[in-house]
Amino acid sequence: MDTVAGSKYRFGPHEIDERQVFRTSPLSFAIVNIRPTRPVHVLVCPKRLVKRFADLSPDETSDLWIMAKEIGARVEQYHRASSLTFTIQDGPHSGQTVPHVHVHIVPRRKEDFENNDNNNGMMNAKNETLDLDIERKDRTMEEMAQEAKEYRALFS
């Protein structure tokens, strides 16, 4: 899998600056998140614009999850986490805000959840609210480029 060298990527209606991309494969790409829910929150997307998970081809599905698995393992280790949250919001009523399939990868630590038995995903994490967009702010391209550079080094 290569890193990006002058390619353009789209995430739904958004053009992604190549400095945000830290990993690519034949059918997928990984980006740092402009508006993360946690300090570390990356996304893996198919290169083809596909709105719903069921519309991915078998090859795209496999490629997407293999990449998510590899990135999750490296990011978890790099950030000294003990677990990972992998999430897909599939369709507008699931909370999907960008109409393009993507896997959220969020490294987790023991202290992230007050009661792990009540955890059903990213929205029940301690110190998070259901309306995350009120508190989340867009990061600068410089911040995202630096994070992506760190992650590219994990795969070289």
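Using N, Cα and C of the backbone, Cβ positions are placed for all residues, glycine too.
Checking TrEMBL for motif 'Histidine triad motif' across the ranges 100-104, 120-124, 145-149 points to 100-104. When TrEMBL is compared with the stretches 15-42, 127-154, the one noted as coiled coil is 127-154.
Taken residue by residue, the motif 'Histidine triad motif' (100-104) breaks down under DSSP into 0 helix, 2 strand, 3 coil. For the binding-site residues N33, Q89, Q96, T97, the greatest number of Cβ atoms within 10 Å around a candidate Cβ is found at N33. Less than 8 angstroms from the CB of V98 (substrate binding site) sit F11, G12, P13, H14, each of them six or more residues away in the same chain.
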